[in-house]
Structure formats: C-alpha cells, structure tokens
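Participant: Attaching a single structure in structure tokens format; questions to follow.
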C-alpha cells in the first residue's frame, strides 16, 4: 500500500506504456526520507530527553508527548532502510523480515500519532470546557491507561500490514514497499484500507474538529480571557495538530483511496498511471513527515518548554528548594493536571 511499482500497463488505445517514474521516485523518496530521518531523530530525541529528565512533574501532557516521541523514533529508525532501497534504485538488500517490519513500523507510527493527537485534543477539551465536572478524567494515571490502550489497539490492528512481503521481479531483483499484484491481494488491501480510513482517520478527524470547535468557543468567552497561558497552549495545539492532519494525514488517505481503486481498473491511460505514481511518492512522504510535526507540537503547544529546560538543567537545585504552592480553584487545578 505504500509503494510505487514500475508498472507496464495497457492504455486505452491498446498500446503499451513503458514510461516509468523510477528516477523521480528514487530521488524524491531518498531525499525526503533522509531529511525526515535527521529532523525526526534529533527533534524527537531531544523532546524525549527533556521530557524524561523532567518527568517528576508527571502531567498527562507529558505522558502523551513521551509516547508520541517513542512512536516517532521507532519509525525513524526504519527510514534509513527505505533510503538505501531507493538509493539502490529499488533493490531491497535487507531480507524479508526487515521489509515487513519497515512497512509495519510506518503504519504503526502513522496511526499511533493520529490516536495520540486525538486523545490529547479530547482531554485538552475536557480540561478547558468541562474542568470541574470531569477533573478525574485528565489525570496522569488515566493518560497512561489511554496510551497503553492505543499502543495495543494499533499494534494489533496494524498487523495485516506485516503481509507486505518482499518478492523477486522479472530481473530477479528483490523488491519491497510495492503495491499488491494479485487480484485477491488487492481486494484484501482495499478492505484493510477502508477500515483504517474510517477508524484511523475519519473518526479521529471528526473528534478533533468537534473538540477544537468547543475549545475555541470556550476561549472566546470572557471568563477564559484571563488565562492567557492556557489560551496560548490550546491555540498552539490546535494549529499544529490541524496542520499535521491537513498536510500529512489527509492527502495520504485521499490519495491512497484513489490509488487503490485505480489499481482495480483493467484499462489505464499512460498519463494517468504516471500522475498516480508521482502522487503516491509525494503523499507517502508527507505521511512519513508526521514524525517532524510531533516535536513542533511540544515546542508550540507546550508553553512551559523553556521552563522544562530550566528544570532539567537545575533539577538538583530545585529538589533542594521548597516553594509552597498557592491554593487553586478547580478549573485552575484541571489546567495544572494537564499542564505542559
């Protein structure tokens, strides 16, 4: 589901279309995956390092961000295999197991990111819109339970992607990351696609739209205008998560739907084949780029990022200093539980 195969297809005029986009594909994938690997590794590695060092604060936000960073790093570690594959012009060198694992890791990361962002948006909505009624829903322990459930759900439901095996082409070169060739396999992939489309994209997207609408309406009220810090954090999260969905997740799921139906057509125009193959390369790269959005989520929605760095640098001094906390109201306590 995530590759671009070197297709020779029958055109409407019954001529053979031998044009390919191999050079375009290899250059785009190798370049963009290399960039995503570097940015994703150092960005998520840095965020994870700071979060672990300041984990004594134990906020729900930290739990979600740690899990996001871990999911990104696991995916980023497999991207160099893809880079080598496309640098070697579509020849797989690492065996069938790593071929399956690389495909699996990309989709586990993709849908873990979507579900973690959705959970963060939902509980941020609870903390802002209903801080008093549902304060027990946004605790550190509840966040852990939600994250464990997401990991188990995504790992199990993404297991069919492990069927994306390597194979030998007509030149006896080992291939990986290519679309299915048998009609039965195409049907199974199409069913899997629609399940992941609705459960893994459409439903989470609807949830975040509803949550962000409620958050924005609440922030526009006079009672919330006093809490400038909360407003900035919520707005930062809305911007980054919405950008991730519109730039990374949405184009990929739309294009994947069109592409899978396109593969079922017996007659394909050469120009359409080439355009479809190019769109696969671009949208799949955008989907992988979600690894770069997650550090931005921490930088821009985490209002206390600099404070976290300061806490990390001076942790030994802060543990020796006692600063009494002021009494807080229930709405403020809800924000404190979900603080960055």
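Numbering starts at 1 and runs along the chain as displayed.
A Cβ is built for glycine as well, from the same backbone N, Cα and C atoms used for every other residue.
Predicted, not measured: the structure shown is a model, and the values here were computed from it.
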Participant: When the topology given in Swiss-Prot is taken at face value, are residue 53 and residue 256 found on one and the same side of the membrane?
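Facilitator: Different domain labels for residue 53 and residue 256.
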Participant: Just to confirm what the record says: which one of 227, 265 has N-linked glycosylation site annotated in Swiss-Prot?
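Facilitator: Going through 227, 265 one by one, Swiss-Prot flags 265 as N-linked glycosylation site.
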Participant: Scan 11-31, 32-52 against Swiss-Prot and say which stretch is down as transmembrane segment.
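Facilitator: From Swiss-Prot, the annotated transmembrane segment range turns out to be 32-52.
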Participant: What range among 197-217, 302-322 does Swiss-Prot record as transmembrane segment?
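Facilitator: Of the candidate stretches, Swiss-Prot labels 197-217 as transmembrane segment.
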Participant: Scan 61-81, 82-102 against Swiss-Prot and say which stretch is down as transmembrane segment.
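Facilitator: So the range that Swiss-Prot calls transmembrane segment is 61-81.
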Participant: Cβ under 8 Å to the topological domain 'Extracellular' (82-109), counting only same-chain residues 6 or more beyond its ends: which ones?
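Facilitator: Residues 2, 6, 22, 25-27, 29-30, 33-34, 37, 71-72, 74-75, 154-155, 158-159, 161-166, 173-177, 196, 287-288, 290-291 contact the topological domain 'Extracellular' (82-109) from elsewhere in the chain.
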Participant: Does the transmembrane segment (197-217) come close to the transmembrane segment (32-52), meaning at least 3 CB pairs under 8 Å for residues 6 or more apart?
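Facilitator: They do not touch: fewer than three Cβ pairs between the two stretches lie under 8 Å.
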Participant: With the transmembrane segment (280-300) as the reference, find which of 110-130, 145-165, 197-217, 234-254 contributes the most Cβ pairs under 8 Å.
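Facilitator: It is 234-254 that shares the most Cβ pairs under 8 Å with the transmembrane segment (280-300).
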Participant: Which chain-mates of residue 99 (disulfide bond) that are at least 6 residues away have a CB under 8 A from its CB, listed by sequence?
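Facilitator: Set apart from residue 99 (disulfide bond) by at least 6 residues yet with Cβ under 8 Å, we have 92, 164, 165, 166, 176, 177.
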Participant: Here are some glycosylation sites: 172, 265. Which one has the most Cβ atoms within 10 Å of its Cβ?
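Facilitator: Top count of Cβ atoms within 10 Å goes to 265.
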Participant: Need one number: mean pLDDT over the topological domain 'Cytoplasmic' (131-144).
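Facilitator: When the pLDDT values over the topological domain 'Cytoplasmic' (131-144) are averaged, the result is 78.
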